[in-house]
Amino acid sequence: MPGLRRDRLLTLLLLGALLSADLYFHLWPQVRRQLRPPEDPRGCPCARRASSPAQDSAAASPNPRAAARNFSRAGPGAERRSGRGSKLQALFAHQLYRVPEEPPLLGPEDSLLASQEALRYYRRKVARWNRRHKMYKEQLNLTSNDAPLQLRLEASWVQFHLGISRHGLYSRSSPVVSQLLKDMMRFPTISADYSQDEKALLGACDCTQIVKPSGVHLKLVLRFSDFGKAMFKPMRQQRDEETPADFFYFIDFQRHNAEIAAFHLDRILDFRRVPPTVGRLVNVTKEILEVTKNEILQSVFFVSPASNVCFFAKCPYMCKTEYAVCGNPHLLEGSLSAFLPSLNLAPRLSVPNPWIRSYSLAGKEEWEVNPLYCDTVKQIYPYNSSNRLLNIIDMAIFDFLIGNMDRHHYEMFTKFGDDGFLIHLDNARGFGRHSQDELSILSPLSQCCRIKKKTLLHLQLLAQAEYRLSDVMRESLLEDQLSPVLTEPHLLALDRRLQIILQTVEGCVEAHGEQNVIATDPAQQSAPDSSQANLTS
C-alpha cells in the first residue's frame, strides 16, 4: 500500500509539472497579449531609448519620403561623432558617386515591378492575412479590438520594392533605404515564423551530412505592423571571437553583425546588391514567442537555469539546449534583412557559382587545381557573352573583403536577363577571421585578370587616406543601433585586403596591358587567356 500511494503521488506531481509547463508556454502568453495595453505595442524598451525625438517625429510625418534621410548623406549624428568633417559624407559627395549610371533607365522594362500589379498583389496578401488572423483568434476564443491591417502605399518596404531597377536594389539618391532601416529597427512585430527552407526540412535532417541544411541556423521571418517582412538572424558569436582555424567554412557560425556590416560595405562600394540590413535588440518573448502561430516554434522555447528565455532549431541534431540562443533575459541581438519581392512577382534564378567549393572534408574543385580554369568558364554560356563574368569578379572582390568562403550560389532577377546584377545574399559567414586573408576567394580575379573600370576606380578611391575604407566603414556602422558592429581588427583588415586586390590588378596590368584587364564597357568581355592571365598567390 505505501508503494502504491508513492506511485500515485509521483504521477500527480508529473501531471502537475506538465500542466504548469503548458500554462506557462501556451496559455499565459495568450493572456498577456490580451492584457497588454494597446497604446504601448512595442516590446523592447531599449529600442525606444535608442530612438531620438527627431526620429520619432520623422516617423510620424505624413510624408515618409520627406521625413527619410537620403542614405548617401551621413546624418547629423554621424557628423558630430566624426568631428569637423565626415569622410562618409565626402565619399558620397565624390563625383564617382554622382556619375550617371549606364545604361540609362528608359522605361517600365527597366524597373523590376509593375507598380499597379504589385499593389494589387500586396492588397490580396494583406486581406488574406487579416482573414487568417481572425480565424486564428476565433479558434482560441481570443477577443481583440485591433483594427484589420491596411496596406499603406507610402510604407518604406513597398517603396523599396517598387524602386528596384536593373541598376541595383536601390538608387544612390533614394531616401527610402534610410526610412526602411528605421522602420525595421522600431516597428513592433505582428508575426514570427520559420523560413521556407526551414519548413521544407520538416524536422527530418540527415545527421550524416557534412554540410548541414540552412534551416539549422536559427533564422526566422518576422513581420512588422506595416506588413513588411525581414529575415532575423540572432547573435551566435561575440564580436571579439574569431572563427577557430580548424573550422571548415561550411560549419562556421552565421554572424548577425556580418550581415549588417556586409550591407554597409556593399553600399560604400556602390554595388547596391545587398538588401538593406539593420541591427535590433529583439524581445524574444514579446516579439517572437507571443506573436507566432507556429506551434513547433512555440515548443522550442524554454527558460535556462540563468532565467534567460532561449530557443533552438527543430532539426534533430540541433534540438539540444547547448545549441540554443538566449536573451538577457529577454533581449537578444540580431540582424534584420529586408525581404525582396515575392517570387510570384519577381522570379529569381539561383545559379551555382563557377568557383564553388567542394564542401567536403578532403575534396577539391577543378578551379582549385587547374590554373587554366578560367578558359573553360569563358567558353560556357552565359560567361562567354554579357557581363556575367565581370559581375562574378565583383562578387569575389566583395567576398574577399569580408572573408566569405561560402558563396556556393548566386541569385539574379530573371526579368533583367543575362546582364542583370547578382544579388549578394547570405553574408553571415563573413568577418569570421580578421587575422587571415583567404586568397583563394580572389581566384576569379587572379585567374581571369578582368575587372570593371567602375569597380577599380571605387577601390582606388577607398585606398586614399581621405576616403580610407576602414574609416568610412567605421563611420557608417555608427548609425546602427548595435554599434560597434565590427571590432577594430576587422576594420583594419579591410584596408589590408583592399591593398591585396589592387596589387593583384596591378600584376594583371603589368602582364597583359591595361586594355586587356580593365573593362571600360560593361559588355566588353575579351580577356587574356588563363594560361597567361593566371597569377599565383
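Using the three backbone atoms N, Cα and C, a Cβ is placed for every residue, glycine included.
Summarising the annotation, TrEMBL assigns region 'Disordered' to 36-85. The compositional bias 'Low complexity' annotation in TrEMBL covers 47-70. The ATP binding site annotation in TrEMBL covers Lys233, Ser337, Ala338, Phe339, Leu340, Glu411, Asp426. Per TrEMBL, the feature domain 'FAM20 C-terminal' maps to 301-518. TrEMBL lists Asp406 with the feature active site. According to TrEMBL, the Mn(2+) binding site annotation covers Asp426.
Overlay of TrEMBL annotations on the structure.
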| residue | record | Cβ neighbours (10 Å) |
| --- | --- | --- |
| Lys233 | ATP binding site | 26 |
| Ser337 | ATP binding site | 26 |
| Ala338 | ATP binding site | 25 |
| Phe339 | ATP binding site | 17 |
| Leu340 | ATP binding site | 20 |
| Asp406 | active site | 19 |
| Glu411 | ATP binding site | 16 |
| Asp426 | ATP binding site | 25 |
Rounded Cα-Cα span from Asp406 (active site) to Phe339 (ATP binding site), Å: 21
Separation of alpha carbons, Asp406 (active site) and Asp426 (ATP binding site) (Å): 9
Distance from Asp406 (active site) back to Ser337 (ATP binding site), taken between C-alpha atoms, in Å: 18
Using Cα positions only, nearest of the binding-site residues to the residue listed as 'active site' (Lys233, Ala338, Leu340): Lys233
